[in-house]
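The structure appears below as structure tokens.
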There are 2 protein chains.
Amino acid sequence: MELLKQRIREVGTVLSNEIIKLDAILNHAVDPALTTAMGKEFARLFREENITKVVTIESSGIAIAFAVAQELGVPMVFARRKKSLNADSSETYCERVPSFTKGLVTDIMVSREFLDPQDRILLIDDFIANGDAARGLIRIIRRSGAHLVGVGIAVEKSFQAGGRTIRESGVRVESLARIASMEPGKIQFE
Amino acid sequence: MELLKQRIREVGTVLSNEIIKLDAILNHAVDPALTTAMGKEFARLFREENITKVVTIESSGIAIAFAVAQELGVPMVFARRKKSLNADSSETYCERVPSFTKGLVTDIMVSREFLDPQDRILLIDDFIANGDAARGLIRIIRRSGAHLVGVGIAVEKSFQAGGRTIRESGVRVESLARIASMEPGKIQFE
């Protein structure tokens, strides 16, 4: 998606060969026109899949997932991150995931009432690096019996294994911008 | 806003005289049609105020604030909650706020680059109870030199002091649904 790549070039701050700061458009401030356009693009890519629900993880995925859900006319669910130790309960699915950027472990949680075996789910997230959060959420979706239609990612760091390993597991992954490599002052897209 | 009150009656679970669970529409799952309608209503209420930025706090405020920002055609910024001790830095404003529902203290943070003295800001949040989070964010907005135009709240628990104390401080507060009292099975709106 050319508009997203252009904005990444404009506002992205490369902090290291592995970390890019996109606070101005994804992780702290949000440009509604850009995010709405991303929502329309994901909706276009997955329109024929009869999606019943868009699922993401708080917080930076929410605005994008909401824009997709608006366009598809289906509900959106955001998994909650929990700081404390959590296990499955009669009401929730929990999975423990490490966080690449934060360097710590969090538990993600979805209430059972919001995932149905009849659901056809599109998973949306802002970033994919090692893919731990996405894989945790995929495990939750599968355990609910719902069908995972695919994964939509705004920015994939394709030099890290997340997107590739999820594709290799047979899941369709669509990324709107794929960063092949980066260093301060220089971002190379695929 | 009649539609919101109706949905609260349908899906709200009153856990005590003070706590209502609205996971199905605000805090875990989101209905894009309802949230878009809330966005349009806040935009209508504040349209003449020449708002330049919509500000909220992660996570449950994000979808509503995004819908308002979409309608007004301005950027949205979400304050981040931090678990660790944080103080102001050259790059950020931080405020410590207690959380009514979570029973703990969190720090909220906004990067200085996203608040400008020229900004006219609409603060949006999903809930107001005691108003600690909103007051923390108001302190951050004021310290940045930006002008706070008003506060838009989806659900105000008007039997708690948050909305009232912020109004008494001279800030315009608009709530789309005001709960006067509640007990399991019964919700009374103002």
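Cβ from N, Cα, C; glycine included.
Taken from TrEMBL, the feature xanthine binding site applies to B:Asn27, B:Lys157. The 5-phospho-alpha-D-ribose 1-diphosphate binding site annotation in TrEMBL covers B:Ala129, B:Asn130, B:Gly131, B:Asp132, B:Ala133. The annotation domain 'Phosphoribosyltransferase' is assigned in TrEMBL to B:39-157.
The DSSP breakdown of the domain 'Phosphoribosyltransferase' (B:39-157), given as helix, strand and coil counts, is 37 helix, 46 strand, 36 coil. The two recorded residues B:Asn130 (5-phospho-alpha-D-ribose 1-diphosphate binding site) and B:Lys157 (xanthine binding site) have their Cα atoms spaced 9 Å from each other.
Contacts of B:Ala133 (5-phospho-alpha-D-ribose 1-diphosphate binding site) defined by a Cβ separation under 8 A and a same-chain sequence distance of 6+ are given as B:Ile57, B:Val97, B:Ser99, B:Ile108, B:Asp125, in order along the sequence. If you measure from the Cα atom of B:Gly131 (5-phospho-alpha-D-ribose 1-diphosphate binding site) to that of B:Lys157 (xanthine binding site), you get 10 Å. Rounded to a whole number, the C-alpha distance linking B:Ala129 (5-phospho-alpha-D-ribose 1-diphosphate binding site) with B:Lys157 (xanthine binding site) is 5 angstrom. Cβ-based crowding with a 10 Å cutoff singles out B:Asn130 as the top-ranked of the binding-site residues B:Asn27, B:Asn130. This prediction places the mean pLDDT of the domain 'Phosphoribosyltransferase' (B:39-157) at 93.
The C-beta environment of B:Lys157 (xanthine binding site), restricted to residues of the same chain at least 6 apart in sequence and closer than 8 Å, consists of B:Glu18, B:Ile20, B:Phe127, B:Ile128, B:Ala129, B:Ile179. DSSP gives B:Asn27 (xanthine binding site) a helix state. The Cβ of B:Asp132 (5-phospho-alpha-D-ribose 1-diphosphate binding site) has 19 other Cβ atoms within 10 Å, all protein chains considered.
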